[in-house]
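Database features (TrEMBL):
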| type | residues | note |
| --- | --- | --- |
| TRANSMEM | 12-40 | transmembrane segment |
| TRANSMEM | 52-73 | transmembrane segment |
| TRANSMEM | 80-98 | transmembrane segment |
| TRANSMEM | 104-125 | transmembrane segment |
| TRANSMEM | 137-156 | transmembrane segment |
| TRANSMEM | 162-183 | transmembrane segment |
| TRANSMEM | 303-319 | transmembrane segment |
| TRANSMEM | 339-358 | transmembrane segment |
| TRANSMEM | 370-387 | transmembrane segment |
| TRANSMEM | 393-417 | transmembrane segment |
| TRANSMEM | 429-452 | transmembrane segment |
| TRANSMEM | 464-484 | transmembrane segment |
Amino acid sequence: MVFRKPPDGGWGWVIVIVSFFTQFLCYGSPLAVGVLYLEWLDVFGEGKGKTAWVGSLANGIGLLASPVCSICVSSFGARPVAIFSGFMVAGGLMMSSFAPNIYFLYVSYGIVVGLGCGLLYTATVTITCQYFDKRRGLALGLISTGSSVGLFIYAALQRELIDLYGLDGCLLIVGALSLNILACGSLMRPLESPSSPPPEKPSGDKVPDQYFVYHEKEKTVEENISILEKGYIDEKCVKNVPDYKQDSVLNKNVLSSVNINEKDTYKKKVVEQTNFCKQLAKRKWQLYLNYWEETVVLFKNKVFSALFVAILLFDIGGFPPSLLMEDVARSAGINEDDYHMPLISIIGIMTAVGKLILGILADFKWVNTLYLYVTTLLMTGAALFAIPFAKSYLMLAMLSGILGFLTGNWSIFPYVTTKTVGIEKLTHAYGILMFFAGLGNSLGPPIVGWFYDWTQEYDTAFYFSGFCVLLGGFLLLLAALPCWNSCTSQSSKLPPNTYSYKVASSA
């Protein structure tokens, strides 16, 4: 498929709007799962670490499957993937309302909903990057605020629905709302070149001809020569026959050829289909080899290697507050009457603000987006270290706002990835990075929950989380330093089609 130059506007703004609502509808409930987490603790009576797996799977499984999601979007396009994923998210939420135990939720809410969200996230990011180039940071910031606004609204919405209709009714209503993703996905028109001819619809009559092409390509030169010589001899023999016998000879030849063709039709089709399957298998195998070769080339880029370590450690330490902050407040003995707004809602609205502001900053030429991303990591680590010292609602609300704003760095992460590896490798590289992000999302909340089950307090858990985020930030900063770039460039050259971040960011 050939794509024309990104228009940086036009139908691209429609793509931004529908992508915003897609992320709003699919990520609203999984990101605000902290409200459901408290209900599941009371209903099923399991430990905090065990129950936290539901929310962590919902937010992590889609990222873990990012390489598969990227392949699906590349193979089928953003529109079909978005429509199919809408059914997955809605179906998973509705199935969760009938969950008899926590293990059923692992599948219905954790895997089905999580995988649908991962497919939708990859589809929206990919098609937005195709429509925007100069304004890509703004566009990504706008669509990524959809999940944050969803977190803000769904945190209050789910709590109200639970009070009115119970946990089961809440999940059914939220699942019904998710069906609106189908309408959003239908508007994700692919950016195809108008000069490219439309693909021909294959008919049943043309299938044997397609097989015949592969069959003819496998014939050797000697076989082709012998076929030509045989045709020449047959033609010569026919010319030597008297005129009144030529018609009968030709008729006999036609009848005999028809009989031979009828007898050999089945064998010929089997041979042709076998040859076609062999060629197809060789082609697919070559694609897989190319995929792994490109993966190895990506990891030879030191900035990309440091980036995957940083995103893994960031999600291990930075994701648990959005899931467990409500339980942190309850464990600290804070009275619910003191709540002016749910802490999860504060995280959600500040994440939306952070995504938008950081996305706008990424579009300025004087801003190095990699250093901006590193700054958010270091500040997130410092905020996590401060959580054990917060013993009032006001302090937790301030820290929730700071963490929410810094978590908005998700809007510039695709921008950083694009500048590091190039737009042509964005889907491949982004899928790999999202796999490690999903691994961190899946492990972070259960680890924090296990720390609480072990120590009966959250202090040690958040010290560990802060250390993980700081370590990832320092490693990424070390890989991006100009002095490190100059030292390594003298000893080795970058692989072809990869870029150092210093060169890409100055462009």
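Every residue, even glycine, has its Cβ placed from backbone N, Cα and C.
Outside the transmembrane segment (137-156), and at least 6 residues removed from its termini, the chain residues within Cβ reach (under 8 Å) are 12, 16, 19-29, 31-32, 34-35, 124-125, 128-129, 131, 174, 322, 342, 344-345, 347-352, 354-363, 369, 404, 408, 410-412, 414-415. When each of the listed stretches 12-40, 370-387, 429-452 is scored by C-beta pairs under 8 angstroms to the transmembrane segment (339-358), 12-40 comes out highest. Tertiary neighbourhood of the transmembrane segment (52-73): same-chain residues 30-31, 33-34, 36-37, 40, 81, 102, 105-106, 109-111, 113-119, 121-123, 126, 315, 319, 323-324, 427-428, 430-435, 437-446, 448-449, selected by CB-CB distance under 8 Å and a gap of 6+ residues from either end.
Cβ atoms under 8 Å from those of the transmembrane segment (393-417) belong to residues 125, 129, 136-137, 140-141, 144-145, 148, 307, 311, 318, 321-322, 325, 328-329, 332, 334, 338-341, 343-344, 346-359, 361-362, 369-370, 372-373, 376-377, 379-380, 383-384, 386-387, 426, 429-430, 433 of the same chain, restricted to positions at least 6 beyond its ends.
If you look at the transmembrane segment (104-125) against the transmembrane segment (429-452), you find at least three C-beta pairs under 8 angstroms, all six or more positions apart, and that counts as contact.
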